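**Q** For reference, TrEMBL lists these features for the protein:
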- 7-453: domain 'Amino acid transporter transmembrane' (DOMAIN)
- 12-29: transmembrane segment (TRANSMEM)
- 35-58: transmembrane segment (TRANSMEM)
- 137-159: transmembrane segment (TRANSMEM)
- 192-209: transmembrane segment (TRANSMEM)
- 221-241: transmembrane segment (TRANSMEM)
- 253-276: transmembrane segment (TRANSMEM)
- 288-308: transmembrane segment (TRANSMEM)
- 368-391: transmembrane segment (TRANSMEM)
- 397-424: transmembrane segment (TRANSMEM)
- 436-455: transmembrane segment (TRANSMEM)
Amino acid sequence: MNHPRIVQTLIHLLKCNIGTGLLGLPLAMKNAGLLVGPFSLLAIGILTVHCMVILLNCAHHLSQRLQKTFVNYGEAMMYSLETCPNAWLRTHSAWGRLQSRKWALTKERSSSHLHIGTTGHPVPPNMMNQKYKVSPTWYTVSFLLIITQLGFCSIYFIFMADNLQQMAEEAHLTSNTCQPRKILVPTPILDIRFYMLLLLPLLILLVFIQNLRVLSIFSTLANIATLGSMALIFEYIVQGIPDPRNLPLMASWKTFLVFFGTAIFTFEGVGMVLSLKNQMKHPQQFSFVLYLGMSLIIILYICLGTLGYMKFGSNTQASITLNLPNCWLYQSVKLMYSIGIFFTYALQFHVPAEIIIPVVISQVSESWALFAELSVRTALVCLTCVSAILIPRLDLVISLVGSVSSSALALIIPPLLELITFYPEDMSCVTIAKDIMISILGLLGCVFGTYQALYELIQPINHSIANSTGVYFYASSSPLLPPPM
């Protein structure tokens, strides 16, 4: 089996965390304040990386304790509950075990086991009739991972369709001279749904590529495109920055809740860390990759968010691309970033595919395994497209899903997992207190972020544009596109 090397894994990690949320960081800084924003984003980034390390340590410890080659996120939580000394937790874990479902796990890396969703091969015949114990904890974590990753994929549909529509319909208004953007209010020629349907067959073909090493080629192209667009964005925002002394150092606590949700949403790669480590030729080197990659990502986040807010001030839009001049040079930023998001779609899609596909394939004969796998992949891509088409305010729905699942996966579950896994081994009081505080912080963010998203959803549509992750900036009769404030 071919395994990605350090550079390839680093590329995957960067692309998993550099998505559409990055473009909303200047507005997030506005919601937090010029001083509070950068320090808060740094703190959230450090906490997120720490929780990733906790998750990796717990998975490694459980795999050694149980003599397993690899355990995924859901299995780590399940096994920690089943082996913990607390009788109540063990009992409630046992209540949820299901013996009737056939399960083909993708955790073995030896030559005698084939991978589904990783190499694309079907389940070996000797595994098709085996039954595996699955606890409700596994389903809880897996459900959160599926919702989170498919949510990212849905918002990618909106983002790419918006940019395609802008580039196509502003072509006659775009000039060679790059002047500060003015609000334009043209009438859309084609509905945004048309652009989503144009993207659908291309994304279906993309997700048929199942091996992470093969995806690294496309991921490299995505990184180049994203790097080029980021360079042009930075080139513009560092020129002629106004005096920042007029900007507030600290915003109100209500808008800070919006900042918290955006920051958590931006760190998109928590669901991929175990999978990326498992795919490495030398998994013990993943810690270096994680610290290096996340350090670069946090620095990028802080710089883009702070400089973007300093550049545009109170006029900062939901996406920094909304503030860029309407000229061919900066139109290319939308094109390059859309190309990057296009290939990132396949990486974010990899996690739910690995969870769902083995369940489906275990229910069919070996001769139908490949057809079943391709059908599931097609159906999941269509699901993300349909959700983007049917939900008019997708940005708030994704914010709601992100507040619930992203906060849980990134900040709430990992500290609790560490408590359950290592408590029998005489954890220090400092570690226990630290884990409890991180979980409480994540829970507060989950609760208040969910409240804010629900509040925005019930407001008139033009009241929520400030928190939109979409990039369409002119008025439209389409219900998918809210009018400007």
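Cβ coordinates are placed from backbone N, Cα and C, and glycine is handled just like the others.
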**Q** Looking at the stretches 12-29, 35-58, 368-391, 436-455, which one shares the most CB pairs under 8 Å with the transmembrane segment (221-241)?
**A** 12-29
**Q** Are the transmembrane segment (288-308) and the transmembrane segment (137-159) near each other by the rule of at least 3 C-beta pairs under 8 angstroms (pairs 6 or more apart)?
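**A** Answer no, regions not in contact.
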**Q** In the same chain, which residue numbers or ranges, 6 or more beyond the ends of the transmembrane segment (192-209), come under 8 angstroms Cβ to Cβ?
**A** 157-158, 160-162, 164-165, 168, 215, 218, 342-343, 345-346, 349, 353, 374, 377-378, 380-382, 385, 388-389, 472, 476, 478, 480-481
**Q** Can you name the far-off residues of the same chain, 6+ from the ends of the transmembrane segment (12-29), with a Cβ under 8 Å from a Cβ of it?
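**A** For the transmembrane segment (12-29), the sequence-distant neighbours (Cβ-Cβ under 8 Å, at least 6 residues beyond its ends) are 4, 37-38, 41, 152, 155-156, 159, 212, 215-216, 219, 222-223, 226, 258-259, 262-263, 265-269, 272-273, 276, 289-290, 293-294, 296-297, 300-301, 304-309, 311-312, 316-321, 323, 337, 340-341, 343-344, 347-348, 466-467, 469, 471.
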**Q** Need a quick answer: max count of Cβ pairs under 8 Å to the transmembrane segment (288-308), which of 35-58, 397-424, 436-455 is it?
**A** 35-58
